[in-house]
Amino acid sequence: MSAQSLEVGQKARLSKRFGAAEVAAFAALSEDFNPLHLDPAFAATTAFERPIVHGMLLASLFSGLLGQQLPGKGSIYLGQSLSFKLPVFVGDEVTAEVEVTALREDKPIATLTTRIFTQGGALAVTGEAVVKLP
């Protein structure tokens with residue numbers, strides 16, 4: 001999507017369910033073997049009571065949205081802030097959303113709000129991405 005066709009307020013979304021296999025694969029790739037994500041017996045002893053999805057695995061959905069949908073192919077991820085508000089449990093479905101909030105006039109750069117919602121609609125992750133447009 002070109003800079004000329006982007007508008008403030010445009011959104012893109014995708015939904016995904018992260019099961020135990022995806023969480024284990026991410027643990028292996030990231031070297032984050034925290035038992036809070038992988039061990040139901042350990043997680044049962046915590047405030048969460050069951051395994052939670054890695055926050056960065058959730059945030060990886062933003063990369064897919066930005067690179068494939070909005071702005072799309074050829075865009076370059078320049079930065080991302082994140083705030084983790086609620087846990088997402090292994091096996092739960094989430095919806096990731098990006099929304100264009102600003103477009104620079106002097107350069108092909110967009111700022112987007114990034115959010116992940118739980119299957120119940122609560123805000124689990126929020127942040128802001130800066131992307132160079134193709």
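Just so it is clear, glycine is given a Cβ too, placed from its N, Cα and C backbone atoms.
Taken from Swiss-Prot, the feature (3R)-3-hydroxyacyl-CoA binding site applies to D32, F33, N34, P35, L36, H37, G55, F84. Annotation source Swiss-Prot lists domain 'MaoC-like' at 5-119.
Feature map: Swiss-Prot annotations on the structure.
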residue	record	Cβ within 10 Å
D32	(3R)-3-hydroxyacyl-CoA binding site	16
F33	(3R)-3-hydroxyacyl-CoA binding site	12
N34	(3R)-3-hydroxyacyl-CoA binding site	13
P35	(3R)-3-hydroxyacyl-CoA binding site	14
L36	(3R)-3-hydroxyacyl-CoA binding site	17
H37	(3R)-3-hydroxyacyl-CoA binding site	22
G55	(3R)-3-hydroxyacyl-CoA binding site	18
F84	(3R)-3-hydroxyacyl-CoA binding site	16
